[in-house]
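**Q** So Swiss-Prot says this about it:
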- Cys27-Cys77: disulfide bond (DISULFID)
- Cys36-Cys60: disulfide bond (DISULFID)
- Cys52-Cys73: disulfide bond (DISULFID)
- 27-77: domain 'BPTI/Kunitz inhibitor' (DOMAIN)
- Lys25: site 'Important for binding to potassium channels' (SITE)
- Lys28: site 'Important for binding to potassium channels' (SITE)
- Trp47: site 'Important for binding to potassium channels' (SITE)
- Lys48: site 'Important for binding to potassium channels' (SITE)
Amino acid sequence: SGHLLLLLGLLTLWAELTPVSGAAKYCKLPLRIGPCKRKIPSFYYKWKAKQCLPFDYSGCGGNANRFKTIEECRRTCVG
């Protein structure tokens, strides 16, 4: 019972940390800050440079290539 619980916990952790197969699709999207006026510190993945870079998100619009932290960007797009 204890081993089964440990295995279940490890599988859950693995599932949470493994990037989704569709992630690369939106990592290739161009930077879109959106049309609104706010300046929310965010990160996007620059496909050609193969790196996560900072930008100020406007608060609306944009696309899925937008992350709250550089760690989230790297985990999703860099691997």
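Cβ from N, Cα, C; glycine included.
In terms of burial and nearby residues, how do these features look in this structure?
**A** When secondary structure is read from DSSP and collapsed to three states, Cys27 (disulfide bond) falls in the helix class.
Every protein chain shown contributes to the tally, and the Cβ of Cys60 (disulfide bond) ends up with 11 other Cβ atoms within 10 Å. The DSSP secondary structure for Cys60 (disulfide bond) is coil.
Taking Cβ-Cβ distances under 8 Å and a sequence gap of 6 or more within the same chain, the neighbours of Cys73 (disulfide bond) are Phe43, Tyr44, Tyr45, Cys52, Phe67.
The average per-residue pLDDT of the prediction over the domain 'BPTI/Kunitz inhibitor' (27-77) is 96, rounded to a whole number.
Residues near Lys28 (site 'Important for binding to potassium channels') in space but far in sequence (CB under 8 A, at least 6 apart, same chain), listed by position: Trp47, Asn65.
In the three-state DSSP assignment, the secondary structure recorded for Lys48 (site 'Important for binding to potassium channels') is coil.
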**Q** If you draw a 10 Å sphere around the Cβ of Cys77 (disulfide bond), how many other Cβ atoms fall inside it, taking every protein chain shown into account?
**A** 23
**Q** What does DSSP say about Cys36 (disulfide bond): helix, strand or coil?
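**A** Cys36 (disulfide bond) sits in coil per DSSP, no helix or strand.
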**Q** What's the CA to CA span in angstrom from Cys36 (disulfide bond) over to Cys77 (disulfide bond)?
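**A** Cα-Cα, rounded: 26 Å.
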**Q** Just checking, which of Cys27, Cys36, Cys52 (disulfide-bonded residues) has the fewest C-beta atoms within 10 Å of its C-beta?
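**A** Among the disulfide-bonded residues Cys27, Cys36, Cys52, the sparsest Cβ neighbourhood within 10 Å belongs to Cys36.
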